[in-house]
């Protein structure tokens, strides 16, 4: 290769990314000003809310102005003389949970004002009951009222303060109560009936808070067109990277059509430049490896892959280090365990090899992966799985028992055997049985899978092939996440790595597919597809469905935004008959919607996803999610590839 070639490549790359950086720096100031913010904890704040001191007032409406609670690091909303701490925000239901700030900070909270929502865009969600607090009441007031005494107040022998839920009785005696007490304050409490708060104290009841809904212009079309919502003299505008639009999207009108044509031309030209650069780099690297391979020995690898192209890049010293501490099985031992790799013992196959059931001499049941002879990447995949799994210990990750020796005829990996098949088998495969997989079990599977992925990301590992076929289940439906052949160890100081898209159709992150940038948010997107599988029992890709529903992720987004989630929920889950199931399914769907955003920066991290699912599992309510509008518009702009005309294995 000509010595000047690397310099030419670096110069080309420099100019290409200089152009990209220039485009980024030219973003409209209002667009940049309305980037979502938070107070440190709790939900991120964006339209129709805005965070005073951190965002401009044109990022939301005046009635939605929030401040930060310095102690709790949560957003605060002022209504009718009281301050309310916002615990979470849900745009799926256009609602947010609030708690009176006195209940958050004061050991003896005493709200002094009735909640008045007249001339505000807010209204109390029906999921509440009214709690009336009676302050400083004379001792002769009916004893029946004294259900929840305010014991922390300065009661005397003549005056008492307490709360009551019995609105009917209080209604009859309202005049008596108003005459006998100095003040009556009505407080809504999140509960369907009094039995929900049975056994709680006065303070615990107030700390439950309540849910408010709001009305505001839809932001969905603006978000999915790449914009951010805001206001101009209290009128809705879509704030786009190139300037505000008076309509609700960044892609409307003749000028936008012309701009899209220009963008397509620029993208095409950029793609050509990148393609040329990539081809040159590939040729250069290939030439270097080819030259180096003559100097390297392939003795470490099994004899029948010494001519394997991937073997030439398989670092011998690192491979020897890799096998330290890993149990080495002989080929004969595994051949006997699998009855000479009997086809009847096949458990499944993937892009790299076939998995067989085996039984070792010590009685252990194992799963043996035999990598395909004709797959030139098998040595790389072999090393990848060994390198990753030997350093991991988590109850929801499949365990690697060992591998074949360097003198083995084949590359073999030995895993713990997980007896109950895959999640895909139970949802829409040969083991599908609605009665065996109720919603509580599905939610448990979601929590455990998220826990495993959170652990991987904390270990700087991206799975890159999260799907229901790679989620194994034992007899108690405990999760074991498997198949790390595509996984990547992530550099500690990087937010993404550039690599050719790999994965399974229907699960691949569209941002990764479009930009060739792999990040941990790619796993978040794939996991969201699994969440929708758990809700619907439908496969990620099905070419027999209508065109717009072939891809489950696209189908889910459309159904949620059109308030048609019920249409895709598995009827066996009891969505229409069980209130808790309905609440938790909606909360999980909302979380999945957030994770399916085409822009990876709008997705939560896996730690947030796992924490949210745990909260949903424990108390049935939603999460501290970013605000996302799902009211009026079409599907997200990008979606995971769903083409199955040409077989696309996980490679």
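Placed from the backbone N, Cα and C atoms, the Cβ positions cover glycine too.
Source: prediction; values computed, not measured.
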I'm validating the feature mapping. Which of 223-243, 244-264, 265-285 is tagged transmembrane segment in Swiss-Prot?
265-285
Write down the residue from 136, 420 that Swiss-Prot flags as N-linked glycosylation site.
136
Let's check the environment of residue 349 (ATP binding site): how many other CB atoms sit within 10 Å of its CB?
14
Minimum Cα separation from residue 415 (phosphotyrosine), reported as the residue among recorded positions 347, 349, 353, 355, 504 that achieves it:
355
Go through 347, 355, our binding-site residues, and report the one whose Cβ sees the most other Cβ atoms within 10 Å.
355
DSSP secondary structure for residue 415 (phosphotyrosine), reduced to helix/strand/coil, please.
strand
Quick check for you: of the recorded positions 347, 355, 465, which have their Cα within 10 Å of the Cα of residue 504 (phosphothreonine)?
465
Could you state the CA-to-CA distance between residue 355 (ATP binding site) and residue 465 (active site, proton acceptor) to the nearest Å?
17
